[in-house]
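Per TrEMBL, the features are:
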- 87-121: repeat 'PPR' (REPEAT)
- 337-371: repeat 'PPR' (REPEAT)
- 570-649: domain 'DYW' (DOMAIN)
Amino acid sequence: MVSDEVVLWSVPYFRALLRSCGRSSAREGRKLHAVLLRNGLLSNVTGSSSSSSSSSICSALFHMYAACGSPTTALRAFRCIPAPQRSASDWTALLSCNTRHGLHAEALRLFRTMEMEDRVPGDEVTIVCVLGACARLGDPAAGSAVHLRFIKRGLALVATVCNAAMDMYVKCGRMGDARQLFGEMAAPTVVSWTVILSGALRWEGLDTAREVFDLMEEKNEVTFTVMAAGYVEAGLPREALAVVAQMIFFSPHGSGPVSLNHVSLCSLFSACSQAGDLAVGRWLHAYSTKTALTAGAGEGNRRLHSVMVSTALVDMYAKCGSIRTARLLFEKMPQRNIVAWNAMLSGLAMHGLAEDLLLLFSQMAEGGVRPDEITLVTVLSACSRAGLVEEGRRFFRTAAPAAARKVEHYACMVDLLGRAGLLEEAADLVRSMPVPPNEVVLGSLLASCGLHGRADLGRRLMEQLGEMDPANTQYHVLLSNTYASSGRQAAAEALREALRRRGVRKVPGMSFIAVHGEVHRFRAGDRSHPRTAEVYAMADEVVVRLRAAGYEPGAAGKVWRVMDGYLGEEEEERENVLFSHSERLAIAFGLISTRPGAPLLVFKNIRICRDCHSAVKLVSRIYGREITVRDRNRFHCFKQGECSCSDYW
């Protein structure tokens, strides 16, 4: 054992080492913890004879685990600190550890314990952490209570606290409260303005957000990024580029141009991915290359930022339809983490390139990269969409061992078997699950029953799903599909009528096409476009040529579907509007607006229907066009009368 004199001398040394480990490596911190235990130092300092040293080194040990360990380990170390000596800093570190790991409800519970049991008054850092947890929980009642508590303590006028409270109100949909608090601030900071800007974009519309943006006297890279991303997601690339150009090339109020950092670039690439805006994405790619943000050179954070930006680029190109470019960028990355591998695998899955995906997964495994849960879901989903049953089974057995399987992996496997018509095997898998199946698992099986006309199994599944969530009407829609596809039209119509009486409706499908750098949006039966007359004239011509080629509308109009979370009668599936579906109008516009033979790229917010799928195949052959449609689930590349999905999706 080491003497107390040696212990007192070594406490500052070990505290410094623990702080260093907290900034860099939990592994080294655990080794140091073991050294303390093995040499009797920790047992000495926890003795009553040196309580000051005890609390000092225990606190350092706790902060190390809070910074780079798990919440469970951090809590265990926290409990070694004597209760009377726990400070607001200690409690805040524990709360932050939990929020960083997504345990927001636990962080809120610990905050209540801190105030009620230990009676430690939190500081402004504490409230920012707790309000952040309330924001992520979407709990405005808890957030308001926390805010009120700190108003009573006089901390509410601190800018960081006000910003955190406004952010909480915005994320909980309480823009009125956020604006009221903003109005009460004596000197709003650029962060305060940016919080209101993001809230205006989300809840009040683009025009209101632009008014907020123009009123701002000071702007930083986050402000510009939020505004530009809002324009991209709204399908307004020119306005987005104008905001980015203002940020990069002009001096805002004499403070000098603002550069796009790696966080801004990743956010904008993500917005391009969601909107399918390749033009803005390419411009940003050129900018990032010029500023060397995607270069492999550099150390530490520079290298991490390079991986982040390169991964965002891979994801953007894949989701915007340029899978070849995504693949080239991926192969040129000097370093790849699991996020980069998942982005590339997901891109291949979206494009229906399941065999390429399996080959890439093999390369990943050979390179010693360990797959995570997202990797497993991506590979199983790709096998399901491509109908690779044997490959999916083998992967499920080997790469996803029983001990590591999550509900999501079972849902993918059930979907794979169900799509292939192996409904009994899928049902057996559901019964053998070690955990009760959730709505996703049973819903996938019910959808497969509709695809293959298994009304008997569908009815039993409907009973189980009804018990789980009686208010969810989408299962009635799926069962109606099952009845319709099995020839039981009377039963299907009865379910449909029940849904009509409940007022169930679906948001109409929308399609987007970019021509000459401008994004054009169409709805089913849309007549708001400036070139409506020309669009419908071309659509009529397409109909004539389709009929001449032997095309006839299918029976899809008799089936109801659930898409993008909206339920009800699928208006685009009705035969009387079959030829004015949103994607057909977008394709007609593309045909009159581009040179003959030019490829067309259309983005749709919902799943493409079977009738449109058959029609677009013929259009690609008749007009000699390569037409790519990205729907909610995947890409369909139509060329010479064939589709990349091989009619299996």
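Cβ atoms are placed via backbone N, Cα and C, with glycine included.
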Distal contacts, the repeat 'PPR' (87-121) - CB-CB under 8 A, six or more residues away: 59, 62-63, 65-67, 69-71, 74-75, 78, 81, 129-130, 132-134, 136-137, 139, 142, 146, 149, 153
Tally of DSSP helical, extended and coil residues in the repeat 'PPR' (337-371): 26 helix, 0 strand, 9 coil
PLDDT averaged over the residues of the repeat 'PPR' (87-121): 84
The repeat 'PPR' (87-121): DSSP-derived helix, strand, coil residue counts: 26 helix, 0 strand, 9 coil
